[in-house]
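A.B. asks: For reference, the structure I am asking about is given below.
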Amino acid sequence: MQLSRTFSGLTNLLFNRRSNLEEVPNSKRKCLRPGKLSPRRLVPNHIQRPPYVKTRMAPGIASGPEVHDLKGIECMRASGRLAAQVLNYAGTLVKPGITTDEIDQAVHQMIIDNGAYPSPLGYGGFPKSVCTSVNECICHGIPDSRPLEDGDIINIDVTVYLNGCHGDTSATFLCGDVDEEASNLVKVTKECLDKAISICAPGVEFKKIGKTIHDHADKFRYGVVRQFVGHGVGRVFHADPVVLHFRNNDGGCMVLNQTFTIEPMLTIGSINPEMWDDNWTVVTSDGSLSAQFEHTILITEDGAEILTHCED
């Protein structure tokens, strides 16, 4: 496919570099700092790899939507199902004392045990198999030696590449005894995703997703991050359309058998991002908490099917 637009937050906006804050203003919580990285994990040779792994270059967003025939839909269901199962398992590991690197190890092993490839590993040089974004980290947190602390919140973003299709999902989990302010943020962010999915159907304008999310976030005075968006997903990791989570006037409508993600990121304070020197980790400029939820969905005749829903 012809590629368009560089995938760096999926926008051409520039980021401020990380601040020198040590503690979050008006909070006892210390600001995140990078820990130590473990060596890159190995993937058995028999597991199919996405094409970008060989180049270590972020391939950008592929032009054209991901629309599938019956065989493609079944492939997407399989990758989405596995991604959901992996995310559900990762969530059970969240507790004070576990490191994000240990979560990455467990996720990596479960994915390869199921014959799939962890899509983030090697994407544009990303060094790990999952993204772990703690507290003020908006997205793309790199798993490292930092142990989770009581009261943390953590978004775990899982994508698997199975039989030539990517399944992409994330959720924000509570670690130990989380205060009401943080738990409410997580709850409302999940509600934003659910409400956005509920309005999806063939012919619906994509801009209605952003309005639905923004309207609900406004009720609680939460900010909606603009630099990171949902996207088409399927045979490629990132494809058209770009799905904005805030009010917008972008064109385009959903079509039958199309797959894409919706992944709102809400903040308690500033929506302005700062990027760490690793060129991946993005945090809020004021150290305020951020939460995210994500599903891959399929547009059906009746509305939308959540491909990354984990059945108990």
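Glycine is treated like the rest: Cβ placed from N, Cα and C.
Computed from a predicted structure; not experimentally measured.
According to TrEMBL, the protein has these features:
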type	residues	note
DOMAIN	74-301	domain 'Peptidase M24'
BINDING	H140, H238	substrate binding site
BINDING	D157, D168, E294	divalent metal cation 1 binding site
BINDING	D168, H231, E263, E294	divalent metal cation 2 binding site
A.B. asks: Using C-alpha atoms only, work out the spacing between H238 (substrate binding site) and H231 (divalent metal cation 2 binding site) and round it to an integer in Å.
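C.D. replies: Taking the Cα atoms only, H238 (substrate binding site) lies 6 Å from H231 (divalent metal cation 2 binding site).
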A.B. asks: Take the domain 'Peptidase M24' (74-301) and average the pLDDT across it for me.
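C.D. replies: Overall, the domain 'Peptidase M24' (74-301) comes to a mean pLDDT of 97.
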A.B. asks: Give the number of CB atoms, excluding that of H238 (substrate binding site) itself, located within 10 Å of its CB.
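C.D. replies: Taking all protein chains shown, H238 (substrate binding site) has 25 Cβ neighbours within 10 Å.
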A.B. asks: Return only the integer: C-alpha distance in Å from D168 (divalent metal cation 1 binding site) to H231 (divalent metal cation 2 binding site).
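C.D. replies: So the Cα of H231 (divalent metal cation 2 binding site) lies 10 Å away from that of D168 (divalent metal cation 1 binding site).
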A.B. asks: For a quick check of understanding: among the binding-site residues D157, D168, E263, E294, which residue's Cβ has the most other Cβ atoms within 10 Å?
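C.D. replies: The residue with the most neighbouring Cβ atoms within 10 Å is D168.
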A.B. asks: How many whole Å apart are the CA atoms of H140 (substrate binding site) and D157 (divalent metal cation 1 binding site)?
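C.D. replies: Checking the Cα atoms of H140 (substrate binding site) and D157 (divalent metal cation 1 binding site) gives a distance of 8 Å.
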A.B. asks: Within 8 Å of the Cβ centroid of the divalent metal cation 2 site residues D168, H231, E263, E294, which other residues of the same chain have their Cβ?
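C.D. replies: Residues close to the divalent metal cation 2 site, other than D168, H231, E263, E294: D157, T169, S170, G230, V233, F260, T261, I262, H295, T296.
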A.B. asks: Roughly how many Å lie between the Cα atoms of D157 (divalent metal cation 1 binding site) and E263 (divalent metal cation 2 binding site), rounded to a whole value?
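C.D. replies: On Cα coordinates alone, these residues lie 10 Å apart.
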A.B. asks: Applying a 10 Å Cβ distance cut-off over all chains shown, what neighbour count does H140 (substrate binding site) have?
C.D. replies: 22
A.B. asks: For divalent metal cation 1, what surrounds D157, D168, E294 with a Cβ no more than 8 Å from their Cβ centroid?
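C.D. replies: So the additional residues around the site are A83, C131, V158, T159, T169, S170, T261, E263, H295, T296, T308.
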